[in-house]
Amino acid sequence: MATTGRVLLLSPPSLSSHPEKLNTVLKSHTRDKTDLQMLDRLAHGLVSLPESTYDIVLLLTGADNTLAETHSLLNRELIQRVVHSLRPAGKLRNRENKPWGLSDGNGNNANSSRRYNDDEQRFRNEVILAGLVFDDKGELLKPDIGAQQAIPLKLGRRRKEKEKTDTLASSANYITNGTVDAPASNGISAPIPAAKTTENNPVPPGVGFIDFSDDFGMPAEDDLEDSDEELIDEDELLDEDDMGRQIVQPPECRPKPGKRRRACKDCSCGLSQKLEAKDKAQRATADKALETMKLGSSELAEVDFTVQGKVGSCGNCSLGDAFRCDGCPYIGLPAFKQGEEVRLLNNDVQL
């Protein structure tokens with residue numbers, strides 16, 4: 001089977017122990033245009049394939065004259081590398097040159113097992129995912145996409161054409177032979193030279209203009225009336241029955257046993273407002289209770305800081321905490337003279 005383009009032979013590892021079969025395959029191809037690679041070395045990444053090089057990639061059968069071993073080694077990554085090595089319009093063939101996915105004309109093969117059929121079907125799906133297509137003869141072909149071309153999108157074409165038509169129609173009434181008839185102060189129209197075009201005044205390099213009239217493909221206002229798209233009124237989404245339903249508290253907002261109820265972040269069930277109102281009420285009650293305990297500037301109060309029934313025994317009670325014992329009833333009070341009366345005036349200790 002002689003070929004004119006470059007050919008890549010992919011051999012399973014079992015064929016290396018049968019050199020006579022491998023030599024038979026090599027004799028049918030031009031040696032200077034044929035490359036031979038072992039599938040196991042490709043699968044382990046020991047060798048690489050050049051991109052867009054081969055016109056034909058030929059899968060060889062194993063020692064059992066089937067493609068079972070070849071299909072088992074061709075995983076998705078390896079198939080993609082093989083497809084990338086094909087040139088545009090290149091073909092992927094097998095040794096028997098049979099249509100892919102078919103064992104024979106009746107769909108049966110005496111030498112193939114159930115596992116072989118599954119691998120064959122998997123291989124067929126993978127090569128399609130890799131970008132190959134079937135031609136009229138049932139061969140796998142890499143499509144020639146060709147050079148990609150940028151296609152300009154004409155946005156707001158109808159609106160621009162309408163504005164252009166209106167502009168030309170209005171300018172035809174005023175512009176004649178390159179002049180514009182403008183009314184003078186005495187009521188007589190005087191010709192005024194028309195504005196110079198961009199051909200006479202080219203745009204300086206690096207200067208751009210923004211076209212604010214471009215609607216970027218949005219339909220014009222006149223087309224909105226003819227549009228079949230219906231606008232939804234958000235006020236009609238909920239009726240009175242929906243508004244009157246009881247709000248179901250989410251499980252994460254429910255307090256755990258023995259803990260205070262806390263509102264979650266971005267609370268929408270009303271618990272946050274309820275807790276804030278409760279805290280304000282408690283704060284107002286506490287402030288009101290503190291108001292009754294405040295003393296005026298002219299009011300005096302006598303407070304006995306000593307513990308009832310407890311008397312100091314160290315004799316240093318009036319010297320301060322540094323000299324007092326642990327059980328002293330005057331701990332926390334400043335030093336004082338024995339027998340001096342202690343008074344509180346506006347929360348200041350007066351000795």
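Cβ atoms are placed via backbone N, Cα and C, with glycine included.
Since this is a predicted model, take the numbers as computed values, not measurements.
What Swiss-Prot records for 1-151 is region 'N-terminal SAM-like domain'. The average pLDDT the prediction assigns to the region 'N-terminal SAM-like domain' (1-151) is 80.
Positions annotated as region 'Disordered' by Swiss-Prot: 93-118.
The compositional bias 'Polar residues' annotation in Swiss-Prot covers 105-114.
As annotated by Swiss-Prot, region 'Linker' applies to 152-243.
For 253-269, the entry in Swiss-Prot reads region 'Fe-S binding site A', with the evidence type sequence analysis. Residues 247, 275 of the same chain lie 6 or more positions beyond the ends of the region 'Fe-S binding site A' (253-269) yet place their CB under 8 Å from a CB of it.
The region 'Fe-S binding site B' annotation in Swiss-Prot covers 314-328. Panel annotation: around the region 'Fe-S binding site B' (314-328), residues 334-338 of the same chain, lying at least six beyond its termini, place a Cβ under 8 Å from a Cβ of the stretch.
Marked as motif 'Cx2C motif 1' by Swiss-Prot on the basis of sequence analysis: 314-317.
Swiss-Prot lists 325-328 with the feature motif 'Cx2C motif 2'.
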Legend entry - the region 'Fe-S binding site A' (253-269) - residue tally per DSSP class, helix then strand then coil: 1 helix, 0 strand, 16 coil
Legend entry - Residues in the region 'Fe-S binding site B' (314-328) grouped by DSSP into helix, strand and remaining coil: 0 helix, 0 strand, 15 coil
